[in-house]
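Undergrad: Attaching a single structure in structure tokens format; questions to follow.
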């Protein structure tokens with residue numbers, strides 16, 4: 001007892017000492033909090049990875065869904081198969097055929113978005129300390145999943161054609177010499193998130209060859225493959241390799257709210273994935289599967305992908321033109337041939353994470369590059385997305401971003417800082433709407 | 001009367017503000033009050049004009065919320081509000097003004113330099129940084145002059161860390177303060193006004209697991225241990241409370257404030273900074289002080305609304 005009454009001693013979480021080790025990185029961060037501003041209308045957000053679904057034929061889809069509920073309501077609102085409904089698994093074969101994949105519906109597992117497929121793959125393969133190879137840079141949502149299973153993510157350098165096979169060979173050789181267990185290579189060969197880079201066909205074959213040489217399983221994540229903006233899609237790695245888990249999604253080619261993705265896996269792996277899926281969710285969302293199956297049956301889904309491609313092409317071109325017009329000297333950026341993102345490299349010494357605060361003041365949002373690395377790289381990079389803002393706002397946003405960079409460079413010139421203050425631990429990534 | 005809780009805004013602390021606003025709104029509803037919640041947007045002025053007898057609780061952190069701009073507008077509109085008026089809020093939010101004012105009143109405050117980025121650019125950064133090191137000595141603290149939640153604040157242990165810390169502070173605004181670092185026990189004292197006048201609530205001692213009470217430590221439940229009242233001798237607790245009351249008066253604050261204090265090894269409490277819109281989130285300090293004082297969050301704000309309504 002004190003003069004102020006009894007003493008309270010609290011950490012505000014009675015169970016703080018009970019959490020698993022894997023939650024250590026799950027903390028509030030200032031960077032993530034700054035993203036809270038991104039959704040305000042005054043802000044031009046070049047941060048979001050949300051697909052732009054404004055051109056979907058919503059009245060037609062609404063009629064189809066109403067009919068579906070009337071005709072099959074008791075089935076589509078019931079539990080379903082742990083592997084996913086047979087009809088949609090057959091239809092997915094048609095989708096994958098567009099990228100050269102021949103497969104059997106028995107080897108397809110439906111998941112709650114391909115993000116859940118990443119989780120299930122990690123669940124069945126990763127023990128703490130296992131190595132996951134990932135290209136530099138790589139998808140923030142995948143890195144978070146691997147780290148939550150306490151894996152050690154090792155980045156493999158990329159060049160202008162994406163993942164570098166020689167660097168992959170050298171990294172694998174070094175890790176093997178250190179007796180490290182490489183569980184799989186995670187790669188996004190089409191229009192990488194965040195870099196926008198695409199592996200040419202020959203590069204894919206070479207990557208597969210190196211993986212075969214080292215006995216490395218490949219996890220090919222392909223959410224953007226059908227959103228090619230300049231040419232027809234390049235065949236998937238899975239079309240040329242057996243030891244590949246292929247992850248697909250309807251989030252970008254239709255709509256993300258249904259949360260339907262899939263994994264195509266070699267038979268033995270698929271069996272374990274189904275058991276893991278049943279353990280996680282009993283079954284993937286049945287209503288969503290039927291809704292998408294219905295959409296594929298009744299709507300011109302290939303035509304809709306064409307609509308998306310035209311829209312994203314216009315936006316991509318607007319962003320590249322604005323970067324050309326506004327960016328200060330010393331910066332470079334990728335020229336994506338599909339997907340949603342441009343990866344900007346800024347002069348040495350720039351800290352994109354500390355630029356976030358300037359961005360809020362300048363009314364522009366972007367994602368600092370460090371989010372796409374598990375090892376502290378990426379300070380002088382940002383990811384800019386062109387998928388959601390209008391052409392006009394893309395230009396305004398890039399101009400504001402260029403001003404933010406000018407401000408940062410001005411301060412750096414004053415203080416002569418050539419290497420950013422290291423940020424402890426992994427840089428926090430954006431939330432789901434921005435991934 | 002209609003209670004309107006305003007949170008959000010476009011500041012760096014939008015996320016914290018929204019959480020504070022929700023919590024206060026719910027606490028008031030739990031006590032039977034009708035509450036309208038709103039962000040700061042183009043519809044807000046119309047909203048204020050459309051309801052009967054509005055009383056505003058600005059739960060805005062950083063930027064236009066804490067710097068007096070929003071309360072200035074409320075004053076122009078003639079809408080009563082909880083919290084400090086614009087002039088005192090502006091002075092308190094700006095660390096370069098608040099610390100000087102508190103020091104001038106004879107209260108213990110760290111030696112401080114306030115410098116805009118421009119002066120380093122025009123006079124040459126290296127010579128000024130050398131002089132700063134000689135004047136204040138290391139370690140020292142570098143902070144944005146107008147920001148909260150420890151955003152952009154860095155402890156600097158040696159000269160080679162100073163440029164990076166200044167770059168980090170200037171990311172949050174054109175003016176930075178560089179202060180003598182005070183070593184000791186970190187406490188926060190909430191000052192609350194009620195019908196009987198001002199009173200200082202039990203000091204909350206802050207013990208971050210990481211050793212630094214940064215943004216993560218502030219808003220991650222479990223990352224910081226809070227002891228209320230602080231484990232300090234009674235005389236030091238009283239001295240900390242008196243400092244907070246004195247700072248509240250010197251700065252001309254109203255209704256509610258929180259003063260961040262470090263009690264040094266000699267037992268002297270030092271003013272570190274004042275807050276005109278203390279956080280009310282699940283991990284914030286003022287609600288812990290309310291709890292220790294036996295006060296309910298909803299009752300506290302209902303009382304403040306009544307005070308504000310009386311003008």
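Using the three backbone atoms N, Cα and C, a Cβ is placed for every residue, glycine included.
Annotation source TrEMBL lists active site at B:13, B:149, B:284. The Mg(2+) 1 binding site feature in TrEMBL is assigned to B:260, B:273. The Mg(2+) 2 binding site annotation in TrEMBL covers B:273, B:275. Residues or ranges marked as domain 'ATP-grasp' by TrEMBL: B:107-306.
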Undergrad: Taking residue B:260 (Mg(2+) 1 binding site) as the reference, which of B:13, B:149, B:275, B:284 (the recorded positions) have a CA within 10 A of its CA?
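TA: Cα filter at 10 Å returns B:275.
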Undergrad: Most Cβ neighbours within 10 Å: which of the recorded positions B:13, B:260, B:273 is it?
TA: B:13
Undergrad: Compute the C-alpha separation of residue B:13 (active site) from residue B:273 (Mg(2+) 1 binding site), stating it in Å without decimals.
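TA: Roughly 17 Å, rounded to the nearest whole number.
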Undergrad: Can you tell me the mean pLDDT for the domain 'ATP-grasp' (B:107-306)?
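TA: Overall, the domain 'ATP-grasp' (B:107-306) comes to a mean pLDDT of 94.
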Undergrad: Taking DSSP as the reference, which of helix, strand or coil describes residue B:273 (Mg(2+) 1 binding site)?
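TA: The residue in question, residue B:273 (Mg(2+) 1 binding site), is strand (DSSP, three-state).
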Undergrad: Please report the Cα separation of residue B:284 (active site) and residue B:273 (Mg(2+) 1 binding site) in Å, rounded to an integer.
TA: 16
Undergrad: When you measure from the Cβ of residue B:275 (Mg(2+) 2 binding site), which residues in the chain that are at least 6 apart have a Cβ under 8 Å away?
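TA: For residue B:275 (Mg(2+) 2 binding site), the qualifying residues are B:66, B:92, B:148, B:257, B:258, B:259, B:260.
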Undergrad: Please classify the secondary structure at residue B:284 (active site) using three-state DSSP.
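TA: Reduced to three states, the DSSP call for residue B:284 (active site) is coil.
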Undergrad: My understanding is the cutoff is Cβ-Cβ under 8 Å with a sequence separation of 6 or more in the same chain; which residues meet that for residue B:149 (active site)?
TA: B:12, B:13, B:16, B:61, B:62, B:215, B:218, B:219, B:279
